[in-house]
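A.B. asks: Quick one: the structure is below, questions incoming.
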């Protein structure tokens with residue numbers, strides 16, 4: 001109901017009563033004042049003298065006119081208020097709920113889905129390599145070479161991807177990466193049948209595409225996500241990698257049994273086109289570029305994000321002179337050595353040591369990655385909560401990364417003492433679950449210490465991490481030919497301990513580069 005209608009339903013008169021005489025002639029015998037028709041007293045005549053009648057008539061007229069003017073102003077104000085409320089209601093009802101969903105979290109979810117595809121396309125080889133090696137007669141050293149060839153290309157685009165993202169924007173770079181690695185994934189069966197050199201080149205090309213993903217994502221989120229939401233957003237995005245591993249490991253055995261090993265690469269590679277269409281339509285490199293972003297959210301992001309100005313030059317000398325930067329680089333290397341070995345060799349470990357068949361190996365591998373997805377988001381929530389409670393960012397990063405190093409080190413040492421496959425799988429799950437706390441440790445630290453150069457810095461540290469993947473994956477094949485799985489895990493544990501010491505001595509959560 002409008003204000004005017006509400007007012008009309010009340011007992012207030014809209015205008016002075018018609019029975020009140022506004023012009024009175026000096027006639028003492030005339031009824032000068034008549035009560036309103038709705039008066040409970042009925043019509044009363046007051047016989048007044050001419051002088052007193054004129055005086056009282058003028059007073060009544062002035063009072064009634066003042067009341068009428070006040071009511072008219074009140075009606076106007078009420079109508080304006082009603083119109084304002086109605087327009088606001090119309091605005092709220094005109095915007096669908098999905099458009100009122102925070103746009104920064106749309107960006108986070110799109111990055112999450114990109115990383116989901118990233119690891120789906122990466123881990124499918126760890127399952128498909130078993131029937132492929134049987135078909136093409138590959139020995140363990142050749143398998144290790146194929147697994148490591150991905151990292152050749154992945155290594156090349158880490159720093160380049162960070163520079164590209166920080167200068168031209170993360171949207172273009174991440175979109176390029178997804179399309180590139182999706183094409184390479186679909187071409188993998190063709191390359192394998194042409195010969196080993198072709199397969200190595202295609203796997204390296206796939207690494208080129210995936211190599212730009214992390215720097216580009218880090219660049220985008222540094223512009224879109226406020227500091228108070230940083231750990232949670234990064235944990236969600238990185239959990240996409242873990243769930244991608246879950247999806248890839250769960251569906252690959254089924255596809256291989258039903259349609260043959262090439263079907264894994266064709267089906268997974270085609271999903272990139274769907275993601276790319278959504279990315280082009282919804283994503284922007286920064287909130288300033290998004291014309292559909294609501295003003296309230298834009299204000300929230302702009303006032304709470306540190307990274308605002310685009311990068312024109314990279315101060316390499318200054319960056320490399322900072323001890324926290326080197327703490328990131330060394331710790332990233334130590335962390336990724338163990339992580340990439342588990343990523344690429346775990347199905348083989350389950351198949352050779354625990355005697356699981358191909359299907360069981362793929363399904364059992366899902367459990368540790370599910371644990372990582374849960375632990376990453378739990379760690380992100382804990383980290384943001386600790387920061388909001390007043391604990392320094394430096395202390396939070398050191399706590400979370402220490403868990404990410406010492407947890408896997410402890411559980412990997414237990415693998416040589418367990419006698420049942422179930423306990424071995426449990427140790428693997430706990431190892432990778434605690435490893436996921438690193439997403440709120442070193443993986444969040446790039447935006448802490450150098451928000452404007454977060455893409456470059458992640459590319460720099462992840463280059464060391466990729467080198468760990470290249471050497472660790474290839475070295476595992478060599479170690480298995482001359483030693484045992486215990487030796488493989490001993491090397492990983494040693495590097496986890498080194499990373500713990502370096503991180504706690506030299507890392508910081510404070511901004512060191514403007």
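The count begins at 1 with the first shown residue.
Placement of Cβ uses the backbone N, Cα and C atoms for every residue, glycine included.
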A.B. asks: With the ranges 325-346, 391-412, 413-434 to choose from, which does TrEMBL describe as transmembrane segment?
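C.D. replies: Of 325-346, 391-412, 413-434, TrEMBL gives transmembrane segment for 325-346.
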A.B. asks: Could you check which of 67-87, 172-192 is flagged in TrEMBL as transmembrane segment?
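C.D. replies: Matching range for transmembrane segment: 172-192.
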A.B. asks: With Cβ distances under 8 Å as the criterion, find the stretch in 198-221, 325-346, 366-387 that has the most pairs with the transmembrane segment (233-255).
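C.D. replies: Highest pair count goes to 366-387.
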A.B. asks: Mean pLDDT for the domain 'Major facilitator superfamily (MFS) profile' (107-511), as a whole number?
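C.D. replies: A mean pLDDT of 87 is what the predicted model shows over the domain 'Major facilitator superfamily (MFS) profile' (107-511).
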A.B. asks: Please figure out which one of 105-125, 145-165, 172-192, 261-280, 325-346 racks up the most CB pairs under 8 Å against the transmembrane segment (198-221).
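C.D. replies: It is 145-165 that shares the most Cβ pairs under 8 Å with the transmembrane segment (198-221).
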A.B. asks: Give the one range among 105-125, 145-165, 487-506 whose Cβ atoms make the most pairs under 8 Å with those of the transmembrane segment (456-480).
C.D. replies: 145-165
A.B. asks: Could you name the stretch, out of 105-125, 261-280, 325-346, 366-387, with the greatest number of CB pairs under 8 A to the transmembrane segment (172-192)?
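C.D. replies: Ranking 105-125, 261-280, 325-346, 366-387 by Cβ pairs under 8 Å to the transmembrane segment (172-192) puts 261-280 first.
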A.B. asks: Same-chain Cβ contacts of the transmembrane segment (487-506) under 8 Å, 6 or more residues past its ends?
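C.D. replies: 323-324, 326-327, 330-331, 333-335, 337-338, 341, 345, 398, 401-402, 405-406, 408-409, 412-413, 415-416, 441-442, 468, 472, 475-476, 479-480.
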